């Protein structure tokens, strides 16, 4: 397994629309393992393939407290089941150190394939509903900051640049 580099906002590759996966082969299964390891390493709860510069419809997620229940969503489709929206505080591995509130439908239906290519569907509410919608946005080239005002988007971009500079300095210092 390998930890993959995660693209950071405002990288234009994050705006790429993901293509459906035609077959769940050994390469896809390896990517799933690598994405799960990457998500855990980055202390995230969800990761879309777009974020690791693979523009295919693949999401991994683990909402458990112990990081012991990874889930896989291949070629997912999400349908809101209610018009009611609720604000949720969101963050993103591609927009490090930025958190803000986004209104999302509170109940959705998920249709997808699992890691073995088997179709499933489920009704999601709460954190699962929020997380799957957030990750689906990535597959469509949308980031949670797109829902924010222009001012907040500018602040987010500046904060990410500062975060990445600080992280780069720390990495260089650790090598010395």
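Backbone N, Cα and C atoms are what each Cβ position is placed from, and that goes for glycine too.
Annotation source Swiss-Prot lists Fe cation binding site at 92, 134, 138, citing sequence analysis. Remark: residue 92 (Fe cation binding site) has 9, 98, 134, 143, 144, 145 as non-local neighbours, by Cβ distance under 8 Å and separation of at least 6 in sequence.
Non-local contacts of residue 135 (active site) by the CB criterion (under 8 A, 6+ apart in sequence, same chain) comprise 46, 47, 48, 59, 61, 73. For the recorded site, residue 135 (active site), the DSSP three-state label reads helix. What Swiss-Prot records for 135 is active site, and it gives sequence analysis as the kind of evidence.
According to DSSP, residue 92 (Fe cation binding site) is assigned to a strand segment. Sequence-distant neighbours of residue 138 (Fe cation binding site) (same chain, 6+ residues apart, CB-CB distance under 8 A): 14, 18, 48, 50, 51, 59, 94. Excluding 92, 134, 138, which define the Fe cation site, the same chain contributes 46, 48, 51, 90, 93, 94, 135, 137, 143, 144 within 8 Å (Cβ to the Cβ centroid), listed in sequence order. Neighbour count (other Cβ atoms within 10 Å of the Cβ, all protein chains): 23 for residue 134 (Fe cation binding site).
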